[in-house]
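All remarks here apply to the structure that follows.
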Amino acid sequence: MFSFQVFDHAMARGFQNRFSTQYRCYSVSMLAGPNDRSDVEKGGKIIMPPSALDQLSRLNITYPMLFKLTNKNSDRMTHCGVLEFVADEGICYLPHWMMQNLLLEEGGLVQVESVNLMVATYSKFQPQSPDFLDITNPKAVLENALRNFACLTTGDVIAINYNEKIYELRVMETKPDKAVSIIECDMNVDFDAPLGYKEPERRPPHQEEPTEEEGDPSSYADMDMGFRAFTGSGNRLDGKTKGIEPSPAPLAPSDIKRGIPNYDFKVGRITFIRNSRPQPRKIVDDDDAMNRFIAFSGQGQSLRKKGRKP
């Protein structure tokens, strides 16, 4: 009899330290008041009535306050924190993404229970759209968004707001448990391939066939490409022809430089193009100068003057 009373007292104390009640849930957009509460949609915390705070303060619960939300009709559950105690009595306000996970409609019943969760060490997320890959630094964006969350549950689809766009991420895995607390923790984050993402097809590199205009570069080596150093034939002083045959090095296709074609070429005509300056015309014609020239027709001069004889 004595042992039964001790067991009954311990059970009663255990139920007194546990918060469990039902509320009718609504989305944050239904919250009355002049202030815009769109910040609640960006996180994983709910708004509860003041009576919940009065009841929680009488219980010996651990902080921070974490709760388990259960929809008994669909057997769906998730975990969350509490942001404020300003809701009307019998009502709690949830983010829209949380109501979707629980398959709850406006005014549906949700069971709220206080829980203790282990601190997270690892989590893996899967973006629900390939648009998430457009973010330059997704880990930094996710770290900043998770500051508004208190805990994570495996299987939930959370929503984060970045650059005026909503991105949904599915929680694929959490360690050391399926539900963990992420308040003041050192957590490693990993990403899975986004839903609907397809790897780009890698085509094998193929060599392009040379066209008729380009031709085969290997055939240029058989053509006369102009001056090549040390390719002429030599002569010996003794008249022998041994060892004087030229042995030019073969040309590589990369060494061949193609010139500019002459589009005005006509068969049977050879055109020499020289970059020389035209000579100026002479004033006196050369033929006239040759006709006027007479050899030894000049007059001589003597250094000694001839005197007259008396």
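Even glycines carry a Cβ here, placed using N, Cα and C.
TrEMBL does not curate its annotations; it predicts them automatically.
In TrEMBL this protein carries:
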- 198-209: compositional bias 'Basic and acidic residues' (COMPBIAS)
- 19-117: domain 'Ubiquitin fusion degradation protein UFD1 N-terminal subdomain 1' (DOMAIN)
- 120-194: domain 'Ubiquitin fusion degradation protein UFD1 N-terminal subdomain 2' (DOMAIN)
- 194-258: region 'Disordered' (REGION)
Counting by DSSP, what is the helix, strand and coil composition of the domain 'Ubiquitin fusion degradation protein UFD1 N-terminal subdomain 1' (19-117)? 24 helix, 38 strand, 37 coil
With DSSP as the reference, give the number of residues of the domain 'Ubiquitin fusion degradation protein UFD1 N-terminal subdomain 2' (120-194) in helix, strand and coil. 16 helix, 33 strand, 26 coil
Limited to the domain 'Ubiquitin fusion degradation protein UFD1 N-terminal subdomain 1' (19-117), I'd like the whole-number average of pLDDT. 88
